[in-house]
Structure formats: structure tokens, C-alpha cells
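Remarks on the structure that follows.
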């Protein structure tokens, strides 16, 4: 199979996009785990105490909120740049 066939195969493109999304999600989970572990875990034990559990829950929620805010902001920036470039070409 030649590379042009790969570039135009919609099923392959969809598969690649799905795998890329999975990879990005795994990277996000890894990053979130690392950040929250460093922030909340004083010393590993046989089970989490309530303070540590609350810290993890809050950390994960803030991490998700922050990630969503950044994604929304990037989308707004891209839309405004697209609208700006369209007005420049008219």
C-alpha cells in the first residue's frame, strides 16, 4: 500500500484519530496522577485517611476544571483567529 492510499483512507484516518485521542487521554491521566500524588500523599500506608482522600478528590476536580477551561479558551482563540483571517481576506 502506498502512502497516498493511507492518507485518503477514511477508516484508517478515523482509527488514527481515535488512537491519538486515547493517547492524549492516557497522558492526561498520568499527568493528573503525578500532580495529585505529589500534592496529597505524605506517606503511603495500607489505606487512605480521610484528609488524603479529600485532597485527591479536590485535586482531580481542579485538574479537570483547569483542563476544561484551557481547552475552551484555546477553542475561543482559534475561532477568533479564524474570524479575523476571514475578514482580512474579504
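We number each residue from 1, going along the chain as drawn.
Cβ atoms here come from the backbone N, Cα and C positions, even for glycine.
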12-35, 36-59 - the range that Swiss-Prot marks as motif 'Twin CX3C motif': 36-59
Per-state residue totals over the motif 'Twin CX3C motif' (36-59) - DSSP helix, strand, coil: 15 helix, 0 strand, 9 coil
